[in-house]
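Colleague: I grabbed these lines from Swiss-Prot:
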type     : residues : note
SIGNAL   : 1-18     : signal peptide
CARBOHYD : 49       : N-linked glycosylation site
CARBOHYD : 101      : N-linked glycosylation site
CARBOHYD : 148      : N-linked glycosylation site
CARBOHYD : 221      : N-linked glycosylation site
CARBOHYD : 278      : N-linked glycosylation site
CARBOHYD : 309      : N-linked glycosylation site
CARBOHYD : 342      : N-linked glycosylation site
CARBOHYD : 464      : N-linked glycosylation site
CARBOHYD : 526      : N-linked glycosylation site
CARBOHYD : 575      : N-linked glycosylation site
CARBOHYD : 681      : N-linked glycosylation site
CARBOHYD : 731      : N-linked glycosylation site
């Protein structure tokens with residue numbers, strides 16, 4: 001589709017308007033380029049034998065709009081011979097060879113690859129296909145947007161053919177594990193009418209070389225397959241197609257029964273086979289280039305072939321065969337496990353499930369099936385070993401499943417740059433058959449000579465202008481695309497490209513955000529879960545705040561087996577679940593032995609006393625205490641680092657990021673204290689540094705003089721400072737808590753830890769004597785993206801801080817809380833800190 005001049009103009013205006021995150025890394029902010037600089041750049045864009053509606057047409061429009069915004073130069077678009085001077089030539093490899101007679105100078109190109117040669121005013125962008133040419137155009141614009149006008153001449157091709165993103169969007173417009181607003185695809189059971197945001201999403205994805213999008217939740221609703229909704233899918237596909245992106249959909253295994261009325265969904269039943277073939281034909285009639293299907297079956301209550309005693313391979317192949325006439329791919333998730341297993345049986349282990357279910361099926365899947373394997377054996381934890389399934393399938397296509405949306409990792413309200421986590425997994429050598437077997441080479445198909453393979457990431461963008469709910473979280477989407485294309489790229493290098501494109505080329509900005517981001521995963525691991533114990537979040541509720549007790553005493557299998565004396569899963573072959581033995585011999589030997597197991601996976605593979613000494617010399621329990629304090633201190637440092645950038649970043653994005661970092665600093669303390677108090681209480685072993693349970697700068701709310709407030713026993717107990725909070729005596733009673741301050745006179749940062757529950761917007765006012773020093777409203781459901789909580793717990797716990805408060809010894813501190821809805825203006829404690837002290 002050809003963009004009108006007005007459309008291009010409006011788009012350019014949008015780029016120069018408010019910096020709200022909508023443009024992501026495609027801001028194309030102006031860089032310094034005087035008239036001499038402009039004369040040295042191309043004057044036109046030449047396309048060879050292409051239509052306006054394809055990716056090359058899109059490339060020409062992107063180049064035209066991008067160069068005008070970046071360097072202020074207007075380029076015409078024309079179709080002519082390859083000999084045009086002062087031009088950007090955009091073509092496929094075949095077009096270039098036919099039109100230019102220069103076959104000898106063209107390098108070889110692999111999957112979706114491109115050749116970019118730029119010498120001043122002469123630029124050649126040649127793609128292995130139209131998609132590759134579009135990627136080359138985005139690459140050239142990325143260089144210019146970062147101020148790089150140097151001569152370049154290189155080729156690059158995709159690491160793997162499949163580079164998809166998954167959206168867990170529901171038909172009602174909600175998004176499972178989405179933290180950035182409603183779906184851009186669905187509402188009220190149908191496809192939305194306005195797909196303008198989908199177009200911008202397509203631009204962002206194409207610029208990082210994503211070639212497929214699964215648009216709906218893996219916990220799929222069969223109503224997506226109605227005629228009306230299939231027509232809607234065609235509209236979505238029409239938006240993505242000019243950007244070289246194919247759409248696919250998730251399927252509900254039981255659809256032949258629930259939607260088709262067959263009374264069965266047995267994958268070997270002829271009527272079921274016919275039903276899926278007909279549905280697939282109908283979809284391809286509407287979307288001829290549909291990428292294929294994604295299926296979650298026999299997992300977490302989702303229907304599957306086990307209902308009829310059929311194998312998972314038989315279940316997958318019914319879809320694969322329906323897709324084969326159309327060239328479609330089936331992505332079949334290996335996230336299959338029993339969530340009712342008995343913890344009292346020492347050898348039970350959810351981590352064994354993927355190999356147990358799929359190893360014996362190797363070679364039984366159709367050639368267009370790719371098994372989509374989560375990076376670890378459990379579920380997107382802050383640290384897991386690589387899934388052993390990658391080492392157990394020789395004759396089956398594989399893809400790695402990552403998660404851009406931060407389900408267990410702070411839900412975009414905590415800064416966590418994920419590329420270093422992913423790189424550690426991708427670079428891991430599984431040593432299959434004692435041969436080099438890097439995970440990245442397994443999923444590409446290279447290691448086992450498979451033709452299909454690749455990448456999937458659960459992204460879950462929403463209608464929030466930042467796409468993911470947080471400006472800084474977009475670094476993870478950018479990094480995913482870069483790694484899916486070239487997994488040998490450096491995490492810091494990827495990050496710095498993103499920073500320059502997103503925030504500009506100010507060196508202070510670059511250095512500061514680099515330092516913050518590269519420290520963020522270790523910090524989050526430190527204050528949420530160490531030594532391979534998993535993310536100690538509430539696995540039964542929000543997957544957000546701390547609740548280590550929720551890991552155990554249930555059938556979900558994310559156990560820690562912590563008791564008074566010991567902690568950790570014994571996954572050895574000798575004494576435990578045998579999970580270590582699922583790895584190839586060289587790796588199994590490392591994990592089987594307590595001494596050779598890396599400290600950061602110790603509690604994943606071994607059950608040890610709290611007093612066990614790590615390679616560092618610390619005991620397990622002291623490492624827990626120290627790491628949680630270190631992590632929280634790092635989160636507080638992020639705040640001061642960001643504040644140093646004031647005036648260097650536009651005000652809107654500066655303030656929005658600042659708000660999240662203020663919250664993260666406070667919530668990291670909730671995490672720190674909850675985990676430390678939990679294990680101190682369980683083990684009875686004190687912190688050698690006497691920090692845990694000792695907070696001399698705090699005043700507990702329940703110790704204050706209360707009027708209209710009453711003490712409340714918090715559950716989990718560890719999510720309140722002294723295991724208690726105060727709440728108003730009724731939802732219509734204003735509460736007052738006051739105390740005489742016994743601190744030396746001076747200037748303090750006054751913090752209040754409270755609970756911001758879903759279902760109410762309480763108001764609080766803090767007084768020193770009769771002077772108001774702070775007021776706020778509990779409205780985090782409007783300002784933050786994490787899954788809210790209706791309880792007083794570690795999800796709703798938070799802190800607000802008022803800086804530079806003058807205090808005299810003996811001053812009267814008073815907090816007045818006005819409840820609202822179900823929220824009884826809950827308070828935990830007040831803290832008065834000298835500047836730069838973290839309590």
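Glycine too: its Cβ is placed from the backbone N, Cα and C atoms.
Just so it is clear, the model here is predicted, and its values are computed rather than measured.
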Colleague: In the structure shown, with every protein chain counted, which of the glycosylation sites 221, 342, 526 has the densest set of Cβ atoms within 10 angstroms of its Cβ?
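Modeller: That would be 526, with the highest Cβ count within 10 Å.
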Colleague: Secondary structure at residue 309 (N-linked glycosylation site) (DSSP, helix/strand/coil)?
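Modeller: DSSP assigns residue 309 (N-linked glycosylation site) to coil.
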Colleague: Measure from the CA atom of residue 221 (N-linked glycosylation site) to the CA atom of residue 464 (N-linked glycosylation site) and give the result in Å, rounded to a whole number.
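Modeller: It is 24 Å, counting Cα to Cα.
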Colleague: Counting across all protein chains present, how many other Cβ atoms fall within 10 Å of the Cβ of residue 49 (N-linked glycosylation site)?
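Modeller: Its Cβ has 12 other Cβ atoms within 10 Å.
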Colleague: Compile a sequence-ordered list of residues in the same chain as residue 148 (N-linked glycosylation site), six or more apart from it, whose Cβ lies below 8 A from its Cβ; state 'none' when nothing qualifies.
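Modeller: Looking at Cβ-Cβ distances below 8 Å from residue 148 (N-linked glycosylation site), excluding near sequence neighbours, one finds none.
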Colleague: At 10 angstroms around each C-beta, which of the glycosylation sites 101, 278, 575 has the fewest other C-beta atoms nearby?
Modeller: 101
Colleague: About how far apart, in whole Å, are the alpha carbons (Cα) of residue 221 (N-linked glycosylation site) and residue 575 (N-linked glycosylation site)?
Modeller: 43
Colleague: Counting other Cβ atoms within 10 Å, pick out the least crowded of the glycosylation sites 309, 731.
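Modeller: Comparing Cβ neighbour counts within 10 Å for the glycosylation sites 309, 731 gives 309.
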Colleague: So, in DSSP terms, is residue 101 (N-linked glycosylation site) helix, strand, or coil?
Modeller: coil
Colleague: What kind of secondary structure is residue 526 (N-linked glycosylation site) part of, going by DSSP in three states?
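Modeller: It is helical.
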Colleague: Out of 342, 526, 681, 731, point to the one nearest residue 49 (N-linked glycosylation site) in space (Cα versus Cα); all of them are glycosylation sites in the record.
Modeller: 526
Colleague: Any idea what the Cα distance is from residue 101 (N-linked glycosylation site) over to residue 342 (N-linked glycosylation site), rounded to a whole Å?
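Modeller: So the alpha carbons of residue 101 (N-linked glycosylation site) and residue 342 (N-linked glycosylation site) sit roughly 69 Å from each other.
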Colleague: Just name the winner among 464, 681 (the glycosylation sites) by count of other CB atoms within 10 A of its CB.
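Modeller: The most densely surrounded of these glycosylation sites is 464.
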Colleague: How far is it from residue 342 (N-linked glycosylation site) to residue 278 (N-linked glycosylation site), counting Cα to Cα, in Å?
Modeller: 42
Colleague: Can you tell me how far the Cα of residue 681 (N-linked glycosylation site) sits from the Cα of residue 526 (N-linked glycosylation site), in Å?
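Modeller: With distance taken Cα to Cα, residue 526 (N-linked glycosylation site) is 19 Å from residue 681 (N-linked glycosylation site).
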